[in-house]
Ligand SMILES: N[C@@H](CCSC[C@H]1O[C@@H](n2cnc3c(=O)[nH]cnc32)[C@H](O)[C@@H]1O)C(=O)O
Ligand SMILES: [Zn+2]
């Protein structure tokens, strides 16, 4: 089916930050095949025309770090420090997670992400085949990794076997919308020998790698005490760092660490909401971006954020860097929009999304900017970044397919998801 969206402001997120006013965007065979001003008779070339009445089209957001099924643990343990939260609350409850729970928790996350304008995301968790099933059904683009942790560098452990099985079953599946990555959890849950093994496997199958790296000062102190070097250096020594690597957090990094990340062309994912809630600190994102490191944005899991709202993440990222550098020019509108779109696409290895341009995948959202908080319209990009609400997202299109129309999800049963999630959460927490 071909589709024409007309009479919209179009934020492209391209190199020069182009915005097309009173624009039209044509979609055919999943790709953007027209971008520009509406021309006479253009509508005749398309099966369906949607009149957008001055609403705004932009690329869908890329949530580059998440643990989708952790929506099941949302608001279960708040106001705690990372290690206490993780080891004493989260890991024990996760031991009770079932396949069914992972499926419905992931579905809830995807429902929330799509409603807030996210069209691609990255996941690290357990029961990832169930998450893949949910992604295939709802149509979101996803890079999925079975979380890995372990001690031994010798024989294959069951988590790596599951990761490889996931790779064989789902990598480049669902018309290319699903990718599979390798996901060693961190330097404090994986031994150096184990990290080396994961790096070896990743090289063999040319897979992307994602890891939590230097999330807190404590992680760095413990790593230096135990191994005599920082987490970044340890990961580099294990052979994990290259242009296909996604390093989540990078809060407690020094100049040498940042230089390694730059040299290895690692993609850094900034998760400001999670870092603030767990009081992990503020990642030196402006410094790293100025060095030329690709910085993407993520929400992290819903248990440490506590939502999956990329627009909130965008604004927080910008404000935090302004505050910490005492420089209001830090992370300006165009830069932070790129972090949430095209930089994330690059990090995940989705090469034809994140930008609105002819020939790119039609992964885009429509925001209803006909609301009080977007007026007057001096600058549509600023209005969205500094005054917008994710609940104003009305249409979501992925690979040219309408996933949400006028605020109604087409590919998922919203009521059923809320019902199943509540049932499972009550069962999990009452044992
Ligand atoms: N624990 C799993 C493997 C790891 S999955 C990814 C893990 O990351 C955890 N996680 C979520 N958010 C964070 C974070 O911010 N930092 C560190 N770990 C996190 C999450 O609770 C989950 O256990 C197993 O037994 O097989
Ligand atoms: Zn995480």
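Any Cβ shown, glycine's included, is placed from N, Cα and C.
TrEMBL: automatically predicted annotations, no manual curation.
The following features are taken from TrEMBL:
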BINDING   65, 67, 212, 300  Zn(2+) binding site
BINDING   94, 146, 185, 215, 300  substrate binding site
DOMAIN    56-402  domain 'Amidohydrolase-related'
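Sequence features, as recorded in TrEMBL, placed on the structure.
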residue : record                 : Cβ contacts under 8 Å, 6 or more apart
65      : Zn(2+) binding site    : 122, 124, 210, 246, 248, 269, 271, 296, 298, 299, 300
67      : Zn(2+) binding site    : 123, 124, 125, 147, 300, 301, 303
94      : substrate binding site : 73, 126
146     : substrate binding site : 124, 125, 126, 128, 159, 162, 163, 166, 183
185     : substrate binding site : 124, 147, 148, 149, 211, 212
215     : substrate binding site : 82, 186, 248, 249, 251, 252, 275, 280
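Across the residues the record lists as binding substrate (94, 146, 185, 215, 300), the two Cα atoms farthest apart are 21 Å from each other. Checking the binding-site residues 94, 146, 185, 215, 300 against ligand 2, the ones whose Cβ sits under 6 Å from it are 300.
The Cβ neighbour count for residue 212 (Zn(2+) binding site), using a 10 Å radius and every protein chain shown, is 26. Under 6 Å, Cβ to nearest atom of ligand 1: this is the test, and of the binding-site residues 65, 146, 185, 212 it is passed by 185, 212. Of all Cβ atoms in the shown protein chains, 28 besides its own fall within 10 Å of the Cβ of residue 300 (Zn(2+) binding site). Cβ proximity to the Zn(2+) site centre (mean Cβ of 65, 67, 212, 300, cutoff 8 Å) flags the following additional same-chain residues: 66, 124, 248, 249, 269, 271, 274, 298, 301, 304. Across the residues of the domain 'Amidohydrolase-related' (56-402), the predicted structure has a mean pLDDT of 97.
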